[in-house]
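Annotated features, as they stand in TrEMBL:
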COMPBIAS  147-161  compositional bias 'Basic and acidic residues'
DOMAIN    136-234  domain 'Cadherin'
DOMAIN    235-352  domain 'Cadherin'
DOMAIN    353-466  domain 'Cadherin'
DOMAIN    467-574  domain 'Cadherin'
DOMAIN    573-684  domain 'Cadherin'
REGION    145-167  region 'Disordered'
Amino acid sequence: WKKRVLLLTSAEDLDCTPGFQQKVFHINQPAQFIEDQAILNLTFSDCKGNNKLHYEVSSPYFKVNDDGSLVALKNITAVGKTLFVHARTPHAEDMAELVIVGGKDIQGSLQDIFKFARTSPVPRQKRSIVVSPILIPENQRQPFPRDVGKVVDSDRPEGSKFRLTGKGVDQEPKGIFRINENTGSVSVTQTLDREMIATYQLFVETTDVNGKTLEGPVPLEVIVIDQNDNRPIFREGPYVGHVMEGSPTGTTVMRMTAFDADDPATDNALLRYNIRQQTPDKPSPNMFYIDPEKGDIVTVVSPALLDRETLENPKYELIIEAQDMAGLDVGLTGTATATIMIDDKNDHSPKFTKKEFQATVEEGAVGVIVNLTVEDKDDPATGAWRAAYTIINGNPGQSFEIHTNPQTNEGMLSVVKPLDYEISAFHTLLIKVENEDPLVPDVSYGPSSTATVHITVLDVNEGPVFYPDPMTVTRQENISVGSVLLTVNATDPDSLQHQTIRYSVYKDPAGWLNINPINGTVDTMAVLDRESPFVHNSVYTALFLAIDSGNPPATGTGTLLITLEDVNDNAPFIYPTVAEVCDDAKNLSVVILGASDKDLHPNTDPFKFEIHKQAVPDKVWKVSKINNTHALVSLLQNLNKANYHLPIMVTDSGKPPMTNITDLRVQVCSCKNSKVDCNAAGALHLSMTSLLLVSLFTLACK
């Protein structure tokens, strides 16, 4: 018997066609649709037992009960001309149409619910082709092709045929739809995806046997009904929000928005948000709430619990879930992580770790002497934690400065001007600490924000100090050896130690000076020369040491500047000392001589140039003054090719004056065809005396 039942069931399955048994219904428009009163009964079967059967009605004022009865949800009059009912299970789905005869069209009802952009009715105007929009659920399974609608032509001539065109037929994507040319039945050949193409605009026409159009084309709209086949996704991550600690309950932190590719006019894309997990879950597992519709995340704990300094971790991570189908269990879900940072505000003032600090420093030393430590509970990465220190008392001479260590936040107290033990052995500073950022209004700086620093100055054996330094003295150069220049004076800053001082020469580049080690008297042990290479701009510099009797001894250095007054102790000299002239020159000028003197004015120019009278006859050479420092040497007649030595005497203007005689070597050269030949001149070396003898001999012969 059981086998017979199975055989009967199998036979039934073979005969079963999934879908509505009747797809089109006609009812007259009543005066009113009554709430919960059955309008008609629909029969749908997926041939698998209708497990998880779900109905959708194109009007929000109707529903289909589990027994298939269509009822109104409230008393209503006008609902339009057509209602569509969509039924689906995991194994099958179908669409039924309810035509309301006498009903009035309601603009946009179908589009608002299913987002079906229905084609406006086409006036018949001699046309007999009748088309209605075709609704096809996406993601249909095999078998294909399957009939989805039918075109009717009540006046179609015998032998005429239907023809279907448009995108999806003979235009890309081609071959999705086709029409039975004889019956007008429209079929789909493959699974449709609403997210790829939501509607297809096709055209129907009738043709004769030769393919000539008899009627049409008439628009045929194919509408793909959405299925919930896309999960919500968060596309804008990462999601990071910030909220200030102590914020009031209900403070908005951030907004999470997910995207669903399904039809936004259906529940398939109607999203609801939920917090699935919070990490960490202290001090409350529900620190935040998300608006299920908007996705706004807000705080739900009291401001006292939102205290960054008491939180285990100021960073929270929330797993946010978005679910379509308005959050029903059958909806698809997508998740994302929201990171929420609890930002710090300056609600804790810095406090010194102790009220008093001690420091010691040697007199004369500079640098950091003590680090002042503070505590601050605020975020170390913010100005609410970073400290700023100020010396508010005890620093009249500005000998101290304090700066913040950026790594440790400690106050580095430094000596910037050396301290003197003999003046003050102790210093007391009052220092305050504040934050870079201002405190919140209900927090203030207290007594712990100030501290006292006691500084002890250690006595150090300081070197003696020369006064004045530098020491200056003016003397004439060439004063006699042993002349006293001055007595230096150095004092020991360590007045309480009663030490003795000895003196010595430290640097004396020319070796001219001597100093008495006991009384500091400086005298000369060599002649002072202003023209010495060790003298610069008439000033000679020497250094002396003053050494005390401490253990170990300390040393001070003093500088002596000796200004040397000039004495006329240098004879002038001429330049150049060699000249050339052609033996047949028409211009008998030989050379312009210049003179120089190492001394200073008035012991220099004007210079007097002369030919040494005792050696040269006046009728051969002549010296003429040009200015105070130059003179012209010229010939009174042409000379033969030879070398001549002319003694030139130059005298300065000093009192008494100094004179120098220098031989001027004059080469008389052969100058022919623009060539100067002085070689032969070198073969004959005649002094001016020899020249005089030759001249006298020549005159005697004549």
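In case you wondered, yes, glycine gets a Cβ from its N, Cα and C as well.
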Requested in this report: For the compositional bias 'Basic and acidic residues' (147-161), could you work out the same-chain residues 6 or more beyond its ends whose Cβ comes under 8 Å from its Cβ atoms?
Outcome: 128-132, 134, 136, 179, 181-188, 204, 206-209, 214-215, 220, 222
Report summary line: For the domain 'Cadherin' (467-574), the DSSP residue counts stand at 0 helix, 50 strand, 58 coil
**Report entry** Helix, strand and coil totals (DSSP H, G, I; E, B; other) for the domain 'Cadherin' (235-352)
**Finding:** 6 helix, 48 strand, 64 coil
Query raised in the report: When DSSP states are grouped into helix, strand and coil, how many residues of the region 'Disordered' (145-167) land in each?
Result: 0 helix, 14 strand, 9 coil
Report summary line: The DSSP breakdown of the domain 'Cadherin' (353-466) into helix, strand and coil residues is 3 helix, 53 strand, 58 coil
Requested in this report: Grab the pLDDT values for the domain 'Cadherin' (467-574) and give me their mean, rounded.
Outcome: 93
Query raised in the report: Which residue counts does DSSP yield for the domain 'Cadherin' (136-234) in the helix, strand and coil classes, in that order?
Result: 0 helix, 47 strand, 52 coil
